[in-house]
Structures are given as structure tokens and as C-alpha cells.
């Protein structure tokens, strides 16, 4: 006997209900497994769910009803600035004692510090440049006892009279020009606001053209550091030398006394602002009759300066005393 349509429909609906029940059971199982896995991860990372945080957290004065559930507030509290209370002793301090030390005091302090600790790095750099230009040196220039003593005397404001040699050696010339270069650097640093009447710093008097060439060759090694030197003597035309002085404006001049006086008379150079005067081979200059010329050059320097004299002749000692009155 064939089944009716109603019986077929009931059978189909029953099979559909069974399928739906199986799906719901599998979904319930999968959600339960997911919850277990999530709880395990939270346990491993140290985090809790909201209900767990509520169970294990205690109320605080900031959260008496435990509404934050242990959560940290994102808004940071502003730190209160503590007002500094000045004591009566601090208020009674004189304002004059709080003033910064003057530049002169700083310069004097720096000057003393340099004398104690020895030459600066720029002096060593200049000596190294000179050593690289002259390869036949017996010993390094920075080991010179004379050079270190001269450096101390220069920065102490003392003049130097060298009586052990007739003429300056390469070592002595190197220390003189290196110290002068360092002094120029310090002057530009501390007196940059003061107008400088002339860039000329070192005046080196020599008796002959050959000695002028020797000193000029040592100064030439410092050209890379921005120091320019000019040699003046009778072996070149005076017009050419004057034009070179005006165009170059050197820091060092190496010259014979008679040629320098000629150029000064023609207003080719201004030596009134010289800071260091070196008189080499004074005995030879006295023998050649240039002592009066040296005295005229000395009188033309109106600024405060230091002097270095090389003289081993006892007959010229009175001339040295008259030339440099403070010896």
C-alpha cells in the first residue's frame, strides 16, 4: 500500500530535525573547547577575564565599588609641582656675589692654567707640521727643553735673552713661530669683539738675507694652518715687497732692519701693533752698525709686546740693556 503525501512530509521533517540537532551539539562542543583554549591562554599570559578580575581584585580608595575591575586608568595624573621655598639665608644673599666673573678674570685663569699644564694642542700641531717639512731633525721638536721654557716665559709676560748661542737654531725658530701661532688663535678667541688695528703679530729681525730665508722656510710650514709670513730684504725690489704686504696682510714679518725702516717710512706696513719682537744675532747687527735702526724699530712699536734677543757677545750687553730697559 503506497504511503500518502502526509506520511512522506513527516518523515522528511523528522530527518531534518535530526540533522539540526547534530549541528547544534557540535556547535556547543566547539564553543566549549574554544572557551577552554582561551582560558588557558589567559592563564599563561597572566591576564584574566572581567569576571575573574572581579573575583580576585579588592576594592581600593580610588575604586571603592570595584567598577574598574582592576584595569589601569589610561589618563595619567599630573604631577604636582613642588614649590621651592626660599630660606631667609638665601634671600639675604647679596646680588653682587651672583654676578658672572668678567672676561679678564677668565682670561687670567685660563692663562695660569695653560702655564701649569703646558703647551696647547695647537702648539704641538704646529711643531708636527714643521717636523714634516724638515726630515733631518735629530730629535722631535716637542721634547725641546728650551722650547718649553720659552713657552712658559712668553705666557708669563717675560722677555727672553738667549746668551748661549749667537744665532737662533731651527728648533728655537720652530718654538717661537708655533707659540706665536697659538697666541694669535687665543687672541682671536678672547678678543673677537675688539677691533684689531693690524694683523701683524710677530716681527723677526735678522742681519742677512740668508738668515731671513731660513726663518721664512720654517714659517712656510704653517701656511696650511692659515699663517702667512713675508721676508723683507735688499735682494728684492721695494715696490714689489710693499704691494705684497698690502695684498697679503701677513701675521709674521722676517726682515732686515734697514729694509724694514725704508718700508715703514713709505707707510708700506704698520708695526705699531706688534706683539712679539725677535732680534736675532744682535752681535752681528751691532757690528754692522744697525743698532740705531733696531732701536728705532723698537720705539715704533707702541703696543704691549714681548721681546726675544739672541746675543752671545759680552760687548753688546750694554746695548741689550739700553735697548730693552726692563732687563
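Residue 1 is the first one shown; counting continues down the chain.
Note that Cβ sites are derived from N, Cα and C of the backbone, with glycine treated the same way.
TrEMBL lists region 'Disordered' for one of the ranges 76-112, 113-149, namely 76-112. For the compositional bias 'Basic residues' (10-21), no residue of the chain approaches it from at least six positions outside its boundaries, judged by C-beta separation under 8 angstroms.
Taking H, G and I as helix, E and B as strand and the rest as coil, DSSP gives the compositional bias 'Basic residues' (10-21) the counts 12 helix, 0 strand, 0 coil. Break the domain 'DEAD/DEAH-box helicase' (197-310) down by DSSP state and the numbers are 51 helix, 21 strand, 42 coil.
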